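Contents: one structure, followed by commentary.
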Amino acid sequence: MGALTLTQVTKSFGRTDVIKGVDLHVDDGEFCVFVGPSGCGKSTLLRMIAGLEDVTSGDVAVDGTRINDLAPAKREIAMVFQSYALYPHLTVRDNMGLALKQAGVPKPQIAQATDRAGAMLALDALMERRPAELSGGQRQRVAIGRAIVRTPKLFLFDEPLSNLDAALRVQTRIEIAKLHRDLGATMIYVTHDQVEAMTLADKIVVLRAGRVEQVGRPMDLYNDPDNTFVAGFIGSPQMNFLKSGKLGLSSETLGIRPEHLSLDHGASMEPGRIPGRVSHVEKLGGETLVYVHTEDHGLLTVRLFGEQDYAVDEAVGMRLDPTRVFHFDAEGKRLR
Amino acid sequence: MMSTARHSPLRSLAAHGILLGYTLIALFPVFVIVVNSFKNRRAIFADPLALPSAETFDLVGYKTVLAQGDFLQYFLNSMTVTVASLFFVLLFGAMAAFALSEYRFRGNLLMGLYLALGIMIPIRLGTVAILQLMVASGLVNTLTALILVYTAQGLPLAVFILSEFMRGVSADLKDAGRIDGLSEYRIFFRLVLPLVRPAMATVAVFTMIPIWNDLWFPLILAPSEATKTITLGSQVFIGQFVTNWNAVLAALGLAIVPVLVLYLIFSRQLIRGITAGAVK
């Protein structure tokens, strides 16, 4: 009871095409994350599903019913905004209950629903406060509570964690994941942060310039990207791209993740060894990131386990794990 | 008040000095009016700057004003015209500003410019046409005529200021309202208007004072005894050869009071709005 289907959906503002024909199916109960760089159209797409933006052409359907022309309130959706968007003049309880009140639900039922959502999000003690008296994290929980109360077919999240500090972001991310397990509802989540995408999603949709680049489970995208854009966008630090020609290979570009490069000291010239100089070292305790400048391929990143001793300007050499490389053609498409 | 190291006492003294000086200059005419309205005629001319003393104190001005003409009616007229015009300026101004800032439609920018054009063109240039219009529609010598003209006069600035402020209201908040099923009117009245209250107060003050003080339109459109405003009513004491200064000063002194009360109401709102934003 909450499957979303987009069919050839487009959106133009005047002459600018923002969404250029998106086809997508999200199953009932799935957690789907739209991810992409800023300006890729992911928020616009979400707002089109919500009914806050008109669809220029194509169909948006929930459970097989076309909802293009329904008002946002009639679509049985709930949305959580980046800026919380709580009503400043209402208490936490009234903020959460407003949609039900508008829909004409009797008062005792509203109280029951808000109490349940309050308990779920540990907001019990704050029900009579106003948004101005709450901290950022509490406000975002109220915003999520407001969405839960409506028991919608679709939850829409528009970068809900961007305004929170790092520690709270991790905590709220876990809460959202838990919420998804408890409610089993369909959720569409927009973010530009690929870590959020990887950790939350059942299905990731990578968008670029209004087009879907690839759809898949997080590990499928990580281990089997379709093109250089997805390969570069998913995974942190970014995948290294090397010039295949310099390595004597036929493809245009060769991609390898930082953890699949091995590093050793010294400047010797052996076949298969890529020489370079250390330009920067980041020690994170659990892992060490070494940035190596190479003559042929520019700056490459190597991720090493644990603490490693490499000095800046030291001559080093790298080896590729040949089973973990990806080949791409001149347009950036993957060669399989 | 937070004091930072950069604020030297000398600088703040200079700032206060300048501001106090300005306040004195601005309030001086008001002071002279109020002081002299309590003195007898001879004392006004003998020493206009002196405070009323036991022998110069005289309420003759106020007595004249209250005895002659229907000053209560004039006050009521001024009050009606000002409050009604203010209400319509704020209501229509805010609605137009909401439409301009919130909705994308063809000609949005042109419409905004057209509405703002009124700031640059004085409405008095159209006096003849306005008078013809009022005669044709039978509105001469009614307060409605004044309210209509003042509403038109106040709208351009109101639309201009309010649309800027409304662009600053969180778009997410309005969208949240839409998803929760609030009508556009509820979103406008319940979500947006309370958030632009400081701007509304600013517009109210800037709109109210010219209306209250205006002599031109009451003189032309509504000079009858029943529709005279206080500014026009005070003119009966100013003659070509003799002017009853006691009465004029008393009338002006009284005329300050209502507008001062209105100003205090709005400026409280204004300050509350500013501090609410700063503390949050």
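Yeah, the Cβs are placed from backbone N, Cα and C, and that goes for glycine too.
TrEMBL has this to say about the protein:
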- B:12-35: transmembrane segment (TRANSMEM)
- B:74-100: transmembrane segment (TRANSMEM)
- B:75-266: domain 'ABC transmembrane type-1' (DOMAIN)
- B:112-135: transmembrane segment (TRANSMEM)
- B:147-166: transmembrane segment (TRANSMEM)
- B:187-212: transmembrane segment (TRANSMEM)
- B:247-266: transmembrane segment (TRANSMEM)
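Beyond the transmembrane segment (B:187-212), the same-chain residues lying 6 or more positions past its ends with a Cβ under 8 Å from any Cβ of the stretch are 78, 81-82, 85-86, 89-90, 93-95, 98, 150, 153-154, 157-158, 161-162, 164-166, 169, 173-174, 177-178, 230-231, 255, 258-259, 262-263, 266-267, 269-270, 272-274, 277.
If you count C-beta pairs under 8 angstroms between the transmembrane segment (B:147-166) and each of B:12-35, B:74-100, B:112-135, the highest count goes to B:74-100.
Long-range contacts of the transmembrane segment (B:12-35) within the same chain: residues 48-52, 249, 252-253, 256, each at least 6 residues beyond the stretch ends and with a Cβ under 8 Å from a Cβ of the stretch.
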